[in-house]
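Undergrad: Let me begin by handing over the structure; questions about it come next.
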Amino acid sequence: MASGMCASTVVLLAMVPRGGHIVTTTDCYKETRMFIETFLPKLGITPTLIDASDIAGLQAIVNNHEVSMFFTESPTNPFLRCVDIKLVSEICHKRGTLVCIDGTIATPLNQKALALGADLVIQSATKYIGGHNDVLAGCISGSMKLVSEIRIMHNLLGGTLSPKAAYLLIWGIKTMHLRVKQQNSTTLRMARVLEAHPKVFYTPSVSLSAISGRKLMLPLLLPRATTGRVYYPGLPSHPEHHIAKRKMTYFGGLVTFETTIKFIDSLKIPYIATSFGGCESFVDQPAARNWDVPRDERLKYGLKDNLVRFSFGVEDFDDLKADILQALDTIPTKTSLYSHQNGVVSDKN
Ligand SMILES: *Cc1c(COP(=O)(O)O)cnc(C)c1O
Ligand SMILES: *[C@@H]1O[C@H](CO)[C@@H](O)[C@H](O)[C@H]1NC(C)=O
């Protein structure tokens, strides 16, 4: 398909009937969430959002409603939450609910969602499958029966892969196993370094709107010793590390963590860009990418201004490590208040 978004929207339009019910997770790729939350309701489709680990919640929803599909990423973007695909598939299948996993972040090498019980898997091939940040593509896998139904919707809507994009995918996919292995290694090693680093901060957001009557958020920076957060399924501190260990071969090349945004500007190797999964490292500030979402709303999804998502490429580990450490070093030790210089994203951006 022409893109990952084409794959997810075609699956949803083909598989969820008018008046249907769909369950998805709160942590989710932004455009997918927009489609589910703002477009599907126009077709009379009800979305329910649950936390990735809320198995009891999923059970209650599928038992009490006729749910057409449980649609989720695993790992999710940007917090890399992992869903127990085997367990959710068992729960959903008892009630005739389809399970569709967006496995983009895992890659098809890392996670065999169909073998674990999912009915459908989608991939944004724009990321690791293409692997060179030069092509948009997507794909859908599943049984012949389901894919044939989906193919009809795909033909109706268009979104066909161009020959040039297909050619770039044929090039890119040849090295996917090498890239993914290297990215796993670099990312796990760097995630451990970051988790132990004093400049990786935990910043609880304190809303002063009640006091001042204005929408003013004042996040306080506390040293990592309090509760530093690095979100990576390969770290024992990750809430679904036990699930990731069971279902994933590698833990992937994305890591999300909290620091100050000065960090991003001090980096020399990665591009500041929103995509991921290519040979070049990318760094991204999810709050800036969601500038059109009011801050209170962003915070509901945990998208603090100082959240950083790093996609490791295939550059030399020591070069990347040196670059990240020098960028962390530029953050003053006694950062106590969060200022505009540190990259607060205004609602009026
Ligand atoms: C990038 C991405 C998409 C959308 O893919 P495009 O190819 O950019 O349209 C969907 N889901 C996830 C998890 C992604 O990372
Ligand atoms: C992933 O990388 C880590 C760190 O280098 C390594 O210990 C581990 O063996 C790698 N995993 C696989 C499956 O290669």
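Every residue number used here counts from 1 along the chain in the order it is shown.
Cβ atoms are placed via backbone N, Cα and C, with glycine included.
Keep in mind that TrEMBL annotations are predicted by a computer and have not been checked by a curator.
Pulled the feature table from TrEMBL, pasting it below:
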- 1-22: signal peptide (SIGNAL)
- K127: N6-(pyridoxal phosphate)lysine (MOD_RES)
Undergrad: Ten-angstrom check, please: count other Cβ atoms within 10 Å of the Cβ of the residue listed as 'N6-(pyridoxal phosphate)lysine', all chains counted.
TA: 22
Undergrad: Through the lens of DSSP with three states only, how would you label K127 (N6-(pyridoxal phosphate)lysine)?
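TA: Reduced to three states, the DSSP call for K127 (N6-(pyridoxal phosphate)lysine) is coil.
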